[in-house]
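Engineer: The transmembrane segment annotation in TrEMBL covers 40-57, 69-88, 161-180, 258-280, 292-309, 315-338, 359-382, 388-411.
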Amino acid sequence: MNDKLVFLGLLYFVQGIPYGLQSSLLPVYLRGAGHSLTRIGFTKILYFPWVLKVLWAPLVDRVGTKRRWLVGTVSGLALTCLTSAALAPEAHIWGVAGTLLAMNSLASVQDIAVDGAAVGLLKGRGELGLGNTAQVVGYKAGSVFAGGGLLAVIDVAGWSWMFMLLTFVYAGVALFVWGAPVLDDETVRGQQADASRKGVQGADAVRPWRIWRKLLAVPGTPWTVLYVLTYKLGEQGAVTMFPLFLLDHHMTARELGFWNGVIAMGFSICGSSLGGLLLAQFSIGALMRRVFVLRTISMVFQSSLLTVLEPSPTMKGMAVLSMSIQHFLGGLITTLTFTTMMHCTQRAEDGIQATHYSFLATLEVLGKLTFSALAGGVVDWFGFQVAFLFFLTLSAGTALHVWTATFTGALREHQLKEQPK
C-alpha cells in the first residue's frame, strides 16, 4: 500500500503544479500590473482542457498502457517548462498564456491515466480513503510548491530559473514512472487486457452515445453529477476573490504569497489528510453533513471581515485565520468528494471506469472553472460585500443539498452500506 500511495501522491503532485502557477502566481502578477478583476477571472479559460478531457478519456482507456500515457505526458510537461524558461512574462504575456494552456492540456491527459490506474490499484474502503488522501494532498502540495513557494522567491530567482527547476522536476518524475513496479500490478494489466478484448466496447468507441448511457446508468451517478457541479461554487468564489481583496487593502503580494499560498494551503493539506483518516472511522454521509455546515459558518466569518478596510495587524491576523479555516475545511471536503466519486466509479464495469471517473472529474472542474471565471465580474459589478453574500447563499444551499441526501438520497444509501458489521 505504501508503494501505491507514493506513486499516486507523486503523480498528483506534478499535476498540481500548473494549477498553482495559474491560481496563485498569475492573479497576483496581473493584479500588480493593474489588470481588472474581470480580466483576471477570464484567465480561468486556460483551464478549459480539463473540461474537454472526457472526450479523449475513452482513448486513454483503450489505447496503449497507463505507463506509456503517464511517461509521455510528464515528459511533455518537462519540454513545455524548458520552452517557458526562455520567455519573459512582461514581453511575452501571450506566450505565457500559451504555456499554461499547453501545461493544462498535458496535465488533463495525465489525470485520466493516473485516475484509471488509481481505480484499479485501490481496493476496499480503507485504501480508497488513503488513496484519495494521497491524491488531494499530492495535488495541493504541488500547487503550494508552484504557487506559494515560487511566488515568494520569483522576485529573487527570476522567471527562467523557476521554469528550469520545474523542467528537472518533471523529467525526474518521468524517469520514476518509467521504472515504477506498481504499474506491473496484475489487476491493472488485467483490466487493460479485458478492455482490449471486448468487441462491444470497440463498437462503443464509434457510438459515443452508448458510452454516455452506460455512464449515467451506473448507480448513484445522477446525484453525484449534480453534487460535483455545485459543491464548490460559493467556496470557490470566496477563495478566488478574498486574497485579491486583501491585496487591494491589507497585504503586499509577497505577504499574500506566504500566508495564502503557503500557510493557508498547508491547512488545506492538513484537512485533506484528516479526511482520509476520518473515513476509516466514520461514514462519509455523517462527515459530509457536519463539514458542510462548518464551511457555511466559516464563510459568515470571512464575509464579516470585508467591512474592515483600514489595514491593521488585527485585521491581517483575522484574515489569515479566516483563509486557514476555509482552506482546511475545503481540503477536508475535497477528500470526501473524490472518495465519493471513486466509490461511484467502482460500481461501473471495468472497461469504462477511467472514462466514468474522468466524466465526474470533468464536471467537478467545470463547476469550479465556470464560477471562478465569473466571480471577478460579480465583484466588479456589485462590490465585495454583495458578491460574498451571494457566495454565502450558494454555500448554504449546497450544505442543505448534502444534508438532505444523507437522510433521503444517495448519501443515505452510501452511509448505510458503509456501516460496520
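Sequential numbering from 1, following the chain as shown.
Heads up, the Cβ atoms here are built off N, Cα and C, so glycines get one too.
Curation does not apply to TrEMBL; its annotations are automatic.
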Engineer: Going along the chain, which residues at least six beyond the ends of the transmembrane segment (315-338) come within the CB cut-off of under 8 Å?
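Structural biologist: Residues 129, 132-133, 135-136, 140, 227-228, 231-232, 235, 238-239, 242-243, 246, 250-251, 255, 259-260, 263-265, 267-276, 278-279, 284, 287-288, 291-292, 294-295, 298-299, 301-302, 305, 308, 364 contact the transmembrane segment (315-338) from elsewhere in the chain.
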Engineer: So if I exclude everything within five residues of the ends of the transmembrane segment (161-180), which remaining residues of that chain have a CB under 8 angstroms from its CBs? That is, six or more out.
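Structural biologist: Counting only partners 6 or more residues beyond its ends, the transmembrane segment (161-180) has Cβ contacts under 8 Å with 7, 10-11, 14, 17, 67, 70-71, 74-75, 77-78, 81-82, 84-85, 146, 150, 153-154.
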Engineer: Mind checking which residues of the chain, 6+ beyond the ends of the transmembrane segment (359-382), have their Cβ under 8 Å from one of its Cβ atoms?
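Structural biologist: For the transmembrane segment (359-382), the list is 36-42, 44-45, 47-48, 50-54, 57, 111, 115, 215, 221, 224-225, 228-233, 236-237, 240-241, 244, 337, 341, 344-345, 390-391.
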